[in-house]
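Enquirer: From TrEMBL, here are the annotated features:
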DOMAIN    A:4-187  domain 'Prephenate dehydratase'
SITE      A:180  site 'Essential for prephenate dehydratase activity'
DOMAIN    A:198-275  domain 'ACT'
């Protein structure tokens, strides 16, 4: 069977680079063939996999500079049925790509909102007054360059090579230690690993709502590597909490913490246990 | 003295509506005259106020659907010197504004990233395949309509009136209970109120890093209305925590919690105590 891997497209995105890394790992581990399936948005990438149109989705979940990719958390919470198979951390190094003769002639810069945010200091310093325009992906941004010589795009040098476009500056991210964590999602049950992700809502606005869950983990010596709040979308001040814990859901102390949390939470969703792979630059 | 109030522009934004609400309140309370000063980005709005170019900044900090406005938290943390004078909660009701004869002919939709995200379900349903383009503000989006009859923009009906542009659909937000909380910031010390905001970092990655601060507040019966993590931008997995607590920084039990937190935190920044005003639709 050929494994289809959905990712944010078109070809050349950072998500595709993460999907390629996962595909190589999978082929090496299992001998399975893979095929990459680009989708126009992160939400559509995840939904296609939930509907069985693709076997795997590789999506960004957090960047070291800009933080959470909210659409990923919101969609995974909503759809409920996907499980995390693996996390991949990739270094991110942005380039300013343009057909303009030099930086001074660039009037607008297209990119994904996360990439624009990760380079905002550089843009202010080197192309002051430039107008940022956010599109669905870093490589969708490149499609604007052929129509407009005074436009620039922020994407990877890999994308510039794929589309035969010139790099005017690189690297341009404001912080050198820029990396993104991706989740590999599928309808298969997750296997096992060093980390477990879950999310829960609590009965509306009880005082100390987050304290008790944190105590459930701390009292069992379970470290939480990440705590993220997202709105429930019911009313302002009403939150879901996403937690990554260090441990596997099959360990008895993790199981007992999760059982205690299930009794306390209004809704609890477990997204699986998995290993984190880090690719060096 | 005329009080200058900086906000995200151009005229017609939701931030301007919040600035107008604050200006009326200020004139009623103190008799002071006010003048509105639009800025092209939220970061520039906050920075201008920190540099004394404007007396007050009114900026969005959280939406009930899309969550945190990350640039506001990051800039306020970075600049350090601004204090919150007030919070304002405004209902948000989006309209699809366009010169196109009908929805079917619209190819691209411009707006602020938050507004695009708050209407993504509606866009998928009623203009499937439309290309979202994110710009700096909802009213900057309107500037594209005169050049392109097949473009739409998401902004308020107030903005449509100001610019004499037709509303094709309203309301189009995916969730009816959509509201945004704004902070009123200035270089003046904050006064007093029902809520206090602060943020802190902890020595790198200690287990249970957030549990102890939460216990410091819970043990004194202080309720936290919001907990938000943001990356420190040092490395993935290293966070700042922004907290809104219910209480005034002059209350002795709040003071003692803050003193305990100051001893524990790597860096602690207090953004002041203030009242929250809610405007009804």
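For all residues, glycine too, the Cβ spot is worked out from N, Cα and C.
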Enquirer: Residue A:180 (site 'Essential for prephenate dehydratase activity') has how many other Cβ neighbours within 10 Å of its own Cβ?
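Expert: There are 24 of them.
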Enquirer: For the domain 'ACT' (A:198-275), give the DSSP counts of helix residues, strand residues and coil residues.
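Expert: Within the domain 'ACT' (A:198-275) the tally stands at 21 helix, 29 strand, 28 coil.
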Enquirer: So what's the mean pLDDT when you look at the domain 'ACT' (A:198-275)?
Expert: 91
Enquirer: Let me know the DSSP-derived helix, strand or coil state of residue A:180 (site 'Essential for prephenate dehydratase activity'), please.
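Expert: Assignment for residue A:180 (site 'Essential for prephenate dehydratase activity') reads strand.
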